[in-house]
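See below for the structure under consideration.
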């Protein structure tokens, strides 16, 4: 007798061992048809999995997130099947699920073309319509190696050879195609209805640039066509909002080959940068932070003491001078500890909050660089709080409130918060970890925030809160961090005099709100599609004259506005006014002020807001009042 507990708490009993598919069929024909897999005692399994013991079971359908993963995984195998049918000489390697889809890497003697992708996708559709059953068999490692070598799949054989000899190997087959996989997979290819191949990119075998170069075909798969259509529309919108394209269009920045991963900021882009930095500086000052500046290049001995030299050296830029080794700092924390150590600290000095817009450099792989989002040289809104264990909760509460307020001001109102908890290998006592984790939990609770807990995901030296902001397209970006550190103060010898005159180590809270300034500006540009709120925009307004006779008045308007602290320029070119309006509209300037003879005589301006909204004619001071209302909240 096998007893199976279902998600609603009910128990079904069977005389003999049953498969997941048979359990689904016993519940109802609709569920049997919809079943993609099962969750057996928390583990994802195929519908063909045999249950021969008492267990809990949830039937997985396309309404579940796990169901979508199964569909995407199976579609990756369908892709490999289609490629092998059309290009028998291609060698298959790996094909995992990724966010919003999947990819599969192939070794082939020539590049896949867009026409190839069309043909492959068409063949995938044909194979799916055949509704071929997907079967699983378990074999020994040696048997699997022998099989893949016999059909010329050397990459698959190499993967299997790296698996312990005692492990069982799962092979999945549909039609004439067999692949190595942990599974689970859909019961038949007919379940794969909505998919699209997206692009081809380069990759390396096992991710190592020293190995053979492969071709990676990316695809997306969904349960419903409308979901895929929405995703494809989002990608189209994302392409329009690409910060690299807008950076060029709006003349904000550029990156060139002579300085890979380093940004050349143009005047408008640097104005945007300054608006963000000055805003952050005001917020930090009001929150009790002390701004400092630490050296960019420091001796190897400091990086050895901090542990970076041993654990992070391959990501650091190093240099040598007068027989001494130096590193360009990849992060600011060791320097902040040096400032804390410079002088005797008392418990009365704590909490001590040091902030720095610190310039850091990391030797990122050239293939990973991506506009402002992944660079080698960047500035962080970095700060470190030195406090006692008893102050963790209050400092975390203050930081949560500050971070959420900042995100709101920048236009982000959807924030996902994740709390990473103690890993198995860690420093410090369980009591210390209990205190630290509970302090962060209570801080989130006190701020009325919801969060997801990630057991085992914390660093070995302390728990961490991550702040993931969602942009206008629903994409998630991890920006803010609050990392509790019980290690670095000890490694670098930071201490304070406690109330009983003993020497104690402070707790160190690493924290950032925007993170990398470059990356945050890239996110901002894409979130607002380049149309920055007036308080952030490089220019608040541009004054346009209709004819040369109004040029002097236009200049007078500009000077008047500039004297009041507004960022305004004039376009006095001898061009048609429609041409000038179109040009500055494309530059996404918040306000265009048009002046003709009537406006000059009446000492007024005709105001056009972004988006072509005609606000009518008004005195200059009335416009100033309107603009100040627009930006006042962030001054």
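Please read every residue number as a count from 1 along the shown chain.
Note that Cβ sites are derived from N, Cα and C of the backbone, with glycine treated the same way.
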Given that Swiss-Prot annotates 384, 510 as binding Zn(2+), state which candidate in 333, 360, 479 belongs to that site as well. 333
For Zn(2+), what surrounds 333, 384, 510 with a Cβ no more than 8 Å from their Cβ centroid? 331, 332, 336, 337, 382, 383, 483, 485, 488, 508, 509, 511
Please identify, from the binding-site residues 384, 510, the residue with the sparsest Cβ neighbourhood, meaning fewest other Cβ atoms within 10 angstroms. 510
Can you tell me whether DSSP puts residue 510 (Zn(2+) binding site) in helix, strand or coil? strand
Those residues of the chain, 6+ apart, with a Cβ under 8 Å from that of residue 333 (Zn(2+) binding site): 306, 382, 384, 485, 488, 508, 510
